[in-house]
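Notes to accompany the following structure.
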Amino acid sequence: MRQMESIMDPDLDPPLSQPFLDFWNVLDNNVRSIPKEQAELWDPQDLVLGLPDLGDLPLLEELEGAPVAGLGREAPPPDALPTSSIVPSTEDYPGAHGFEVAFQPSGTAKSVTCTYSPVLNKLFCQLARSCPVQVRVTQAPPPGALIRAGAVYKKAEHVAEVVRRCPHHERSAEHSDGVAPAQHLIRVEGNPQAQYCHDETTKRHSVTVPYTPPEVGSDSTTVLYNFMCNSSCMGGMNRRPILAILTLETKSGQLLGRCCFEVRICACPGRDRRTEEENLRNKAATAGGGAKRALKVPADDLPNPKKRVPNSSTEIFTLQIRGRERYEMFKKLNEGLEALDGQEARAEDPGIRSPKPLLKARRAKGLALVSCKKLLVKDESQDSD
């Protein structure tokens, strides 16, 4: 410390202006103060570099691929690929367990709320109404098996989109049970074990229920499904056809069977089913008979739908009149017309006799004859009045 105080004497220049070597020499713990027996352990190069001898290190080729201590943990392995497909398959697959679905027979009356068409393989149902689906297997699946239900668009240009409810029905509290998410289209009714799933990879929705064996005397298990949005809703399906996919899976997600059918959610299922089946039959009849060009028929050859009436002034009609007064009126009218016809005939041919004898004969019979059919039609309308 005395040496430092002498250095810090104010009469001297500032210590930082001294050479570093002079400042190093005045320190007590410098290298020169180390005893000789310990000085041999120090290497000036090691003091300067602070590194071990490179000759003792392994080669670079030996270090490649080997973990280095103190450099942190090993890099984690890459994430496993997703097991679910982005575009689900829509092909029926009964599998080893003979998985299939069926529906109760129903008609096309306007009062039905759910009806299935075997010809179209299509289910017609109303919004939020129960749709019983019968699940059958020929061999019991392993314990813990699940039945999963989901939806996918039918057409190729829409199949990549997720089927979900329209914004109006999502916000509506009318059919909200507080259990199923508002975005899910398909729900399960009457089963508290139903679980609603959302795939983080594909963003698709589905609902699962545990598989239960059929009751005694039955060959199928019934699951009640509800479809919570109309097919025509804007912002949702928007009149795009959809397919419902039912799969039989193990508890770990292994696929055991698959069944698909088309679904239409509408206001009148019976009417829509009847209309689509008729369109299918007409299309099949047209394809079977072959499309032939209709031959153009000339207008002259077309039959006249109206019955031709012979235009003859000599034809005689009998008219029955109720009431004496009306009879006298028509009789005078008829006599005037007959006289007019006689005058025209004598003007053309002076040799024609007067029609008075004919009128007397008709008057003797008590009949009023009308020679004009148009007058007859007019009189009939008046008589009806």
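Placement of Cβ uses the backbone N, Cα and C atoms for every residue, glycine included.
Because TrEMBL annotations are produced automatically, they should be read as predictions rather than curated entries.
Remember, it's a predicted structure, so these values are computed and weren't measured experimentally.
Under the DSSP three-state reduction, CYS166 (Zn(2+) binding site) is assigned to coil, being neither helix nor strand. As annotated by TrEMBL, Zn(2+) binding site applies to CYS166, HIS169, CYS229, CYS233.
Among the features that TrEMBL reports, domain 'p53 DNA-binding' is placed at 90-279.
The domain 'p53 tetramerisation' annotation in TrEMBL covers 306-342.
Marked as region 'Disordered' by TrEMBL: 69-89 (among others).
What TrEMBL records for 279-310 (among others) is region 'Disordered'.
Taken from TrEMBL, the feature site 'Interaction with DNA' applies to LYS110. Every protein chain considered, the tally of other Cβ atoms within 10 Å of the Cβ of LYS110 (site 'Interaction with DNA') stands at 9.
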Are there any residues at least 6 positions away along the chain from HIS169 (Zn(2+) binding site) with a Cβ closer than 8 Å to its Cβ? List them or say none.
HIS175, MET228, CYS229, CYS233, GLY236
Please list residues from the chain of CYS166 (Zn(2+) binding site) whose Cβ is under 8 angstroms from its Cβ, counting only those at least six apart in sequence.
CYS229, CYS233, MET234, GLY235, GLY236, MET237
Is it possible to get the count of other C-beta atoms within 10 angstroms of the C-beta of CYS233 (Zn(2+) binding site)?
17
